[in-house]
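Engineer: Found this in TrEMBL, in case it helps:
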- 7-332: domain 'FAD/NAD(P)-binding' (DOMAIN)
- LYS52, GLY123, ASP317: FAD binding site (BINDING)
- GLY189, SER190, GLY191, VAL192, THR193, GLY194, ALA195, GLU196, GLY276: NAD(+) binding site (BINDING)
- 353-460: domain 'Pyridine nucleotide-disulphide oxidoreductase dimerisation' (DOMAIN)
Amino acid sequence: MITRETSVVIIGGGPGGYEAALVAAQLGADVTIVEKDGLGGAAVLTDCVPSKALVATADQRADLDIAVRLGVRLGGPDRTAGDGVQVKASAVNRRILDLAAAQSRDIRRSLESVGVRVIDGVGRLVERGLVRADTSGNETVDVAADVVLLATGATPRVLPTAVPDGERILTWQQIYALDDLPERLVVIGSGVTGAELAQAYLGLGSAVTLVSSRERVLPGEDADAATQIESVFRERGMEVLSTSRAQGVERSGDGVVVTLTDGRTVEGSHALLAVGSVPQTAGLGLEHVGVELAESGHIAVDRVSRTSVPGIYAAGDCTGVLPLASVAAMQGRIAMWHALGDAVAPLNVRGVAANIFTDPEIATVGIGQRVADEMPDVQSVLLPLARNPRAKMQGIDAGFVKLFCRTGYGTVLGGVVVAPKASELIFPVALAVQNRLSVDAVASTITVYPSLSGSITEAARQLHQSE
Ligand SMILES: Cc1cc2nc3c(=O)[nH]c(=O)nc-3n(C[C@H](O)[C@H](O)[C@H](O)COP(=O)(O)OP(=O)(O)OC[C@H]3O[C@@H](n4cnc5c(N)ncnc54)[C@H](O)[C@@H]3O)c2cc1C
Ligand SMILES: NC(=O)c1ccc[n+]([C@@H]2O[C@H](COP(=O)([O-])OP(=O)(O)OC[C@H]3O[C@@H](n4cnc5c(N)ncnc54)[C@H](O)[C@@H]3O)[C@@H](O)[C@H]2O)c1
């Protein structure tokens, strides 16, 4: 039985930390959260939320191009969508920062409303069961803890030869301070962050060069999806430099020069580093209590978020399990359910739906092509969206639905959707994967006509397993 005296101290107020705090408060614990930059964490203030708001702005402009293809004329008979449409970066960025700040305030309000004590400051472990916070008001506060949750996130990786200056050599956390749109942006790194932001700036009107260290962009993703997105990038005028690694970036007059490892150089007005993240574990006092780190520097945890030290849990990007806000939040909740004796199921990353907010979006759940290729009893089908009647009406010419199922049984094991708003379309596939539904169960569900989700039931129909 939990008593009010169970003291939970959480270091880090991102999704991993604040969602855990809400659960711990609900279970009757005495909860303190220590956050140094702002509630909501990097997810809300600099990473996930601002980037998705920027993408939403770019999408509005891209929709104008579709409108013109559908016969809409703007401003006169010969005007194309791009004519006269301008993006005011300062207004876009102001809106994004305001939106992030408002979300951070909402999170503070909801935490305080359930009695969570919020300390604005830097937290660290002094010994097992004791957290010290150096507050923004220059005080030192010690809080005794029966349970500690470390949810300190990660920070952008920077190259020693490309030191961000916040003006022209930028991390993704610094782009919202710009007053003007970069005229010629060089994005270094074609992982999810690089791909999303490169396309967003292209859509807003910047000339963009993407420096991709691999043969294709989004190397970790479904190859069919990544190949299609790279084609879209190139068709819309992005310069993609494949198998190119940045050696360093230097300022040069009013711009930057990016030197590649093969000696070539790329000039731009700005460079954006999107070369991954490093876990934020330095200075946390982990060595005082013996919390083990993995070789990558992440805090090692099991599927119920336990570290190597009893009573100390960790969640989110500092664990490196799967760097998504949704997963961080679930790891944090699981930690509290486990620590406070509530019913808990271990984290299942296979059921996690994820989305890349390019245009079109790429949404995935369950097994992917790579795993499917290694399993002898998996069947798959890929249906291009171009054949879908709704897609034709909406002027959608790229995208597809791919489904994986177990041969014989027909159980849905995974799927990939490449489409506008794929993040919404993946839900029925996620529901099928999570609940082990068969392709026949999906196929027998009547969808709206015409709708993009019709392609999901059609793919399921094509995977019907005959006796
Ligand atoms: C550009 C970008 C876009 C993304 N988009 C998405 C998306 O669309 N969907 C998605 O699911 N995920 C997305 N992610 C990933 C997502 O942002 C992270 O998985 C998520 O932020 C992890 O949450 P967290 O709580 O672990 O850490 P964070 O959100 O980083 O929060 C950790 C907090 O801890 C604080 N902290 C650190 N050390 C201390 C200390 N010693 N004392 C006090 N406070 C401390 C930090 O200041 C920070 O506020 C994106 C990531 C990036 C980089
Ligand atoms: N929509 C979303 O949910 C979303 C968005 C952004 C990030 N994220 C999360 O964050 C994780 C990390 O993504 P990320 O893109 O920030 O990092 P990443 O590590 O996945 O990608 C960084 C890329 O930069 C490349 N790179 C490294 N050094 C380079 C160099 N010198 N020159 C050129 N390229 C170089 C790497 O090869 C890699 O492909 C994702 O896997 C995802 O979980 C999620």
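Glycine is no exception: its Cβ is also placed from the backbone N, Cα and C atoms.
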Engineer: I'd like the Cβ neighbour count for ALA195 (NAD(+) binding site), meaning other Cβ atoms within 10 Å of its Cβ, all protein chains included.
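Structural biologist: Neighbour count, Cβ to Cβ under the 10 Å cut-off: 27.
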Engineer: I need the CA-to-CA distance for GLY189 (NAD(+) binding site) versus LYS52 (FAD binding site), whole Å please.
Structural biologist: 18
Engineer: From the binding-site residues listed here (GLY191, ALA195, GLY276, ASP317), select those whose CB sits under 6 A from an atom of ligand 1.
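Structural biologist: The qualifying binding-site residues are ASP317.
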Engineer: Through the lens of DSSP with three states only, how would you label ASP317 (FAD binding site)?
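Structural biologist: Once the DSSP labels are grouped into three classes, ASP317 (FAD binding site) ends up as helix.
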Engineer: Among GLY123, GLY189, GLY276, the binding-site residues in question, whose Cβ has the most other Cβ atoms within 10 Å in this structure?
Structural biologist: GLY123
Engineer: Consider only the binding-site residues LYS52, GLY123, GLY276: which of them have a Cβ under 6 Å from an atom of ligand 2? Write none if no residue does.
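Structural biologist: If the test is a Cβ under 6 Å from any atom of ligand 2, the answer is GLY276.
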Engineer: Which Cβ among the binding-site residues (LYS52, GLY191, THR193, ASP317) has the fewest C-beta neighbours inside 10 Å?
Structural biologist: LYS52
Engineer: Within 8 Å of the centroid of the Cβ atoms of GLY189, SER190, GLY191, VAL192, THR193, GLY194, ALA195, GLU196, GLY276, which other residues of that chain place their own Cβ, given that this set defines the recorded NAD(+) site?
Structural biologist: VAL187, LEU197, ALA198, LEU218, ALA274
Engineer: Over the domain 'FAD/NAD(P)-binding' (7-332), work out the mean pLDDT and round it to an integer.
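Structural biologist: Value for the domain 'FAD/NAD(P)-binding' (7-332), mean pLDDT as a whole number: 95.
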